[in-house]
Amino acid sequence: MKYDHLLVRYGELTLKGSNRKKFVNQLRNNVNKSLKGLDGFVVKGKRDRMYIELEDHADINEITYRLSKIFGIKSISPVLKVEKTIEAMSAAAIKFAQQFEENSTFKIDVKRADKNFPMDTYELQRELGGTVLKQIENVSVNVKRPDHEIRVEVRLDAIYMYEEVVPGSGGLPVGTGGKTLLMLSGGIDSPVAGMEVMRRGVTIEAIHFHSPPFTSDQAKEKVIELTRILAERVGPIKLHIVPFTELQKRVNKVVHPRYTMTSTRRMMMRVADKLVHQIGALAIVNGENLGQVASQTLHSMYAINNVTSTPVLRPLLTYDKEEIIIKSKEIGTFETSIQPFEDCCTIFTPKNPVTEPNFEKVVQYESVFDFEEMINRAVENIETLEITSDYKTIKEQQTNQLINDFL
């Protein structure tokens, strides 16, 4: 079947009332950005849905795949656009039915947005169904559990006919909900947290704390790859890599061993808070899950949050671990997240970390050293990378260059 359009249905944009135009425009921009590098199509965003006009050479499968990853899209259908005549609809219905397997069943489903169309819904269903039965052998009607469903939408401008409905990612278009800073550790949770806030229309930049030589280049490349996977859905993402070694060593030198985990995370939050103001973000996002580990109890969160007035969003706060793993697999980050490279959260881990840290005590331990200068230095020496969906690490670039030189 050669389709001439893709019908793109909006997600929650239908709920946005007077702001709908802003949301539709942002979604259209996101679609154009996602389809960059492809040709043979024209994007037409309308108030209630989007149409993508296809030329003969358009790669419909690749376009559909990319659209399915964009937040704000509920579903996509390859469609035939036909004239508003029963003859044109009948001819299209026969085209669809010619693709059916022998002895298969079908139904005709009509939605009549144009109430002025001369035939009502049931008349159209009977007429088109009857035409298929007359013209196509060895098929029958089953309205409850059909093998195939020919869908017909009667709209003001034309008739749109289709069979397939490809699920989209739902949510809201990224860029409509402000900017946040995602604390990206390299584990299973934080990429899922990032994806969850992006689903709500939020733009993200990511921050990662790197402590060489205790953390390896492979750990850094792992985080780059996680960012790249996130970028597949939203376009380029800035990744800020913080040199954290000296700060982490100092914490472990001056703070009581049971409190080093709490204090380390307070230092991370202080660095993140400064970066938030530099990049114009409105919140910090992390993958914390209530009670999962010692640093994620309510007492720990209270002690850690105290160093910032910036809102800290925790999309996974009440999820079961299994739910997070399922989502990680769905978005494609799980296999990368479980690669066995240590991040700064797993080094210097005390044997018996405090689970209910006393806020006054952690402040007292940290007061023996002025950390502000070290924090400022860490922020000043941040390495910022812009990660695209086709980003390659230095190691990959070097490997490709060696291959090219050899050839």
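Sequential numbering from 1, following the chain as shown.
Cβ coordinates are placed from backbone N, Cα and C, and glycine is handled just like the others.
Here's what Swiss-Prot has on this protein:
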- 61-165: domain 'THUMP' (DOMAIN)
- M183, L184, H208, F209, R265, G287, Q296: ATP binding site (BINDING)
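Locations of recorded Swiss-Prot features on the structure.
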residue	record	DSSP (3 states)
M183	ATP binding site	strand
H208	ATP binding site	strand
R265	ATP binding site	helix
G287	ATP binding site	coil
Q296	ATP binding site	helix
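Within the domain 'THUMP' (61-165), the DSSP-based counts of helix, strand and coil residues read 35 helix, 33 strand, 37 coil. When other Cβ atoms within 10 Å of the Cβ of L184 (ATP binding site) are tallied across all protein chains shown, the result is 29. Here the Cβ of G287 (ATP binding site) has 25 other Cβ atoms within 10 Å, regardless of which shown protein chain they belong to.
Residue environment of H208 (ATP binding site) contains 28 other Cβ atoms, counted within 10 Å of its Cβ in all protein chains.
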